[in-house]
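Structure, as structure tokens:
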Amino acid sequence: MSQVKSSYSYDAPSDFINFSSLDDEGDTQNIDSWFEEKANLENKLLGKNGTGGLFQGKTPLRKANLQQAIVTPLKPVDNTYYKEAEKENLVEQSIPSNACSSLEVEAAISRKTPAQPQRRSLRLSAQKDLEQKEKHHVKMKAKRCATPVIIDEILPSKKMKVSNNKKKPEEEGSAHQDTAEKNASSPEKAKGRHTVPCMPPAKQKFLKSTEEQELEKSMKMQQEVVEMRKKNEEFKKLALAGIGQPVKKSVSQVTKSVDFHFRTDERIKQHPKNQEEYKEVNFTSELRKHPSSPARVTKGCTIVKPFNLSQGKKRTFDETVSTYVPLAQQVEDFHKRTPNRYHLRSKKDDINLLPSKSSVTKICRDPQTPVLQTKHRARAVTCKSTAELEAEELEKLQQYKFKARELDPRILEGGPILPKKPPVKPPTEPIGFDLEIEKRIQERESKKKTEDEHFEFHSRPCPTKILEDVVGVPEKKVLPITVPKSPAFALKNRIRMPTKEDEEEDEPVVIKAQPVPHYGVPFKPQIPEARTVEICPFSFDSRDKERQLQKEKKIKELQKGEVPKFKALPLPHFDTINLPEKKVKNVTQIEPFCLETDRRGALKAQTWKHQLEEELRQQKEAACFKARPNTVISQEPFVPKKEKKSVAEGLSGSLVQEPFQLATEKRAKERQELEKRMAEVEAQKAQQLEEARLQEEEQKKEELARLRRELVHKANPIRKYQGLEIKSSDQPLTVPVSPKFSTRFHC
């Protein structure tokens, strides 16, 4: 670590003025030397005219070791406040005293810096380059501010600007050499210097305050409103002009220019002069007050975005397409989801809600190693290592137990041990199927006649019915007479029950006989053959092909069909005319029609008349007085009953106390009866159990006696059978005959 610290160096400015060094014993006389020097420099700069002597009059300081007070910002490198304050001073004042004094002080410090023997780091070299650029930029700004009238009156041409820019590097080179020599002589004081990043004058921008920014925004809004009004007026004129009137088309700009907006403009801080002065406050009185609002969080860097020179109206894929969630699913998720008020808050959220203790971030000057988070992102290794795999294989080998078989003696005898070869079976000989159905099909085909019988036509005499009456034309149906009905216009939707008149009688089904066959052809009945179901291969393809062929064949036959030849009928006999009699229809008789409304009206009038008569009769009956029969005379008169009082009550005039029964006594009696019944039941159960026990004991005794009897061996007596009677045989005795083995006597 010691080597690292020796090689590492950080040129950071100090954020404070070390006034402790001014209180040394040797510097007691020169306490105000720094302030005097600053005043002298300002007087010299004010006394001189032009910008030529601005940087020439560099007076050495009274004491080389004197601590220089350099006003620096809070941030070490990227300090926006210093830039803003410097730019405001350059714009407002012609000659900024603070800038000149700081430059001279830096120049004086850089002269006395000795050459550094250590190797310059990349960071130091970059910082020094920035310092040199900033110095040159400040010089240019001072020149511009010193002569504002000349710059406004006479603007240099492009060629002059280019020539001036070409000369600048030469001056910069000489300035770089001087500063490098001066910086090398004072390594200690270089640490106290402030490095400010420089920007080229072309890219330099004047920062505006928040009020100016708000004014600009309001101006832009007003301009947009004016443009919108103009467009609306044009549209109004176009609408009023109509379709036929020629209207001047407004030229719309294709490219839409958008101003550059930097995030750093919104981070402008107030000038220290404009800030409120420090006020002494009583500490104890401020304890109970509410804390101030949390410190303002610093915004990040400006995010670079592409320039939208022309905006399209087409919506993107993300805007149009969104995952569809049905309403039922949303309702189900809502019921399943626990509300946030029931969740416990984490401690991290509470920490974030608390206000930060330190508003000003502390800058650490010591080098620190970066806190890399990659080691925490390492995932757990899921695959097994070789050592684990070998250990698992070893466990499997140990678990497996090998059991040896007996030695086969044939191995020692010699010769290969081969399994017995199975006997080779002969190949299967195919045998054709002799099906009965094939036989029947062959027999049927042989029975079928190859050619149909030749049919000859023989004419027959003409039937006489044709001459007598019309043949083949059906009789005309006699339609029923139309019955007129009153139209019920007011009762269209009323459904009426069908009346008997409306119900049509079901006509009997006419059984038609089959047509008479042709008498010229002799009738030969065909006896249906006794057939069985034929098993045919099931295939849609063959059936469809066959149907298609039949269809094509039928179409061809219809197309090639010959035109039918005309054949005249024989002439009838004109001697006698046998025409059918002409049927004369009866004339339609006019009948008066009866409307439904008339019938309903008559019925209603009749019912209304009956109701009126009934009401009048009831009113007359109510008006006539009719007395009810007198039943009081026949009833018995009312006789009050005398109250029966006891003798004691009558004498003393007091009531005798009747006997009473307490509910406790009644319950006690009921309880005694219940206990008595329970005792009887218990005694009965005990008696039954005792009887069952005695019966079981008797059964066991009987079983033991039976077993003892069966176990004792007792011989069975000799059985007596019926005597056997021997009868003599009736057959004669066998006569012995010698066998004839010789073949001499055979013929």
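Glycine is treated like the rest: Cβ placed from N, Cα and C.
Among the features that Swiss-Prot reports, region 'Disordered' is placed at 110-143 (among others).
If you look up Swiss-Prot, you'll see S121 (among others) marked as phosphoserine, on the strength of a large-scale study or a structure entry.
All chains included, 19 other C-beta atoms sit within 10 angstroms of the C-beta of K128 (N6-acetyllysine). What Swiss-Prot lists as N6-acetyllysine is K128 (among others), and the listing cites similarity to another entry.
What Swiss-Prot records for T147 (among others) is phosphothreonine, and it gives a large-scale study or a structure entry as the kind of evidence.
The region 'Disordered' annotation in Swiss-Prot covers 156-202 (among others).
For 167-181, the entry in Swiss-Prot reads compositional bias 'Basic and acidic residues'.
Swiss-Prot lists S257 (among others) with the feature phosphoserine. In this structure, S257 (phosphoserine) belongs to neither helix nor strand by DSSP; it is coil.
Look at Swiss-Prot and you will find S292 (among others) tagged as phosphoserine.
Using a 10 Å Cβ-Cβ cutoff, K305 (N6-acetyllysine) registers 7 neighbours. Residues or ranges marked as N6-acetyllysine by Swiss-Prot: K305 (among others).
Annotation comment: Swiss-Prot describes S310 (among others) as phosphoserine.
Among the features that Swiss-Prot reports, phosphothreonine is placed at T338 (among others). Cβ-based neighbour count (10 Å, all protein chains) for T338 (phosphothreonine) stands at 7.
As annotated by Swiss-Prot, N6-acetyllysine applies to K375 (among others).
In this chain, no residue six or more apart from K477 (SUMO2 cross-link) has a CB-CB distance below 8 Å. What Swiss-Prot lists as SUMO2 cross-link is K477 (among others), and the listing cites a large-scale study or a structure entry.
Summarising the annotation, Swiss-Prot assigns phosphoserine to S486 (among others) and lists a large-scale study or a structure entry as the type of evidence. S486 (phosphoserine) is surrounded by 13 other CB atoms, counting those within 10 A of its CB over all protein chains shown.
Residues or ranges marked as phosphothreonine by Swiss-Prot: T499 (among others).
The SUMO2 cross-link annotation in Swiss-Prot covers K500 (among others).
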Would you kindly give the Cα-Cα distance separating S486 (phosphoserine) and K641 (SUMO2 cross-link), rounded to the nearest Å? 80
Ten-angstrom check, please: count other Cβ atoms within 10 Å of the Cβ of K641 (SUMO2 cross-link), all chains counted. 5
Quick one: pull the CA-CA distance for K305 (N6-acetyllysine) versus S257 (phosphoserine), whole Å only. 14
To the nearest whole angstrom, state the Cα distance for the pair S486 (phosphoserine) and T338 (phosphothreonine). 74
What number of additional C-beta atoms lies within 10 angstroms of the C-beta atom of K740 (SUMO2 cross-link)? 9
Cα-to-Cα gap, S738 (phosphoserine) vs K128 (N6-acetyllysine), nearest whole Å: 164
Alpha-carbon spacing, K128 (N6-acetyllysine) to K740 (SUMO2 cross-link), which is rounded to whole Å: 162
Taking the Cβ of S738 (phosphoserine) as centre, how many other Cβ atoms lie within 10 Å? 5
